[in-house]
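Feature annotations, courtesy of Swiss-Prot:
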ACT_SITE  189  active site
DISULFID  263-282  disulfide bond
REGION    23-272  region 'A1'
REGION    273-314  region 'A2'
SIGNAL    1-22  signal peptide
């Protein structure tokens, strides 16, 4: 009887662990070096390098697949270089896709969860299920702020931290939405893209310049799923084309992209709207992801659009 009971409890625990799996990390904004080191530490723990997109110790990595509902927590530290304060903000990030599911005010032990993340459960906290979703479309509308041209500095992050500490209720406010947009950019998006990491980290220097998010940065974030579907096919071609994004060599890839989705994991969700244009996480299963033209790797949709425009031009000009 005891043996049967033990097996039942063990199965229950294993079943629970398959539903939710979590780890804790810290992103330290004290210095440029601590910031980059924090991001690299997280990447090492949650992803596996692609050997064919690697130079020295730098590589593009693929997120390790975990059970649905798995997440990791990121504690924000070092916003004030001189004092150990502003340390009650924790972001909850879904591991399989690096989407920010919500944030925890650790002073009140309250988890404010976005409406599109009801599948994420955090134990030991009071969960507030918000009516606001996490999409950039919604957050920009509520914030009355476009990401292209959005400025982020140490000072604005402190202000954003205070806005989230003051937040209560179940509907995002303008200030809270602006705060989330800034923190998502310098955490989740910086984990995905070295380009964003590199451009923002300068704002943590003693001269404290302001990082301004460029249209190119925004374009990267909106096409992460498409990039993730193409790069695993890369084998040293002369270039890669995904929409308006071009990589001319492996150095350009490594200087821009750090972590990609696990698009080819069997059973992984293949479609989920992630941006204003409702692009999927990864290309729908069964579609051919890439086409090679003149030793350049083209995302299939990009190639189709390009060839269509070219044929129309030839038709109208009679060439």
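Glycine too: its Cβ is placed from the backbone N, Cα and C atoms.
In the three-state DSSP scheme, residue 282 (disulfide bond) falls into the coil class. Between the CA atoms of residue 282 (disulfide bond) and residue 189 (active site) there is a gap of 17 Å. According to DSSP, residue 189 (active site) is assigned to a helical segment. Taking only the Cα positions, the spacing between residue 189 (active site) and residue 263 (disulfide bond) is 18 angstrom.
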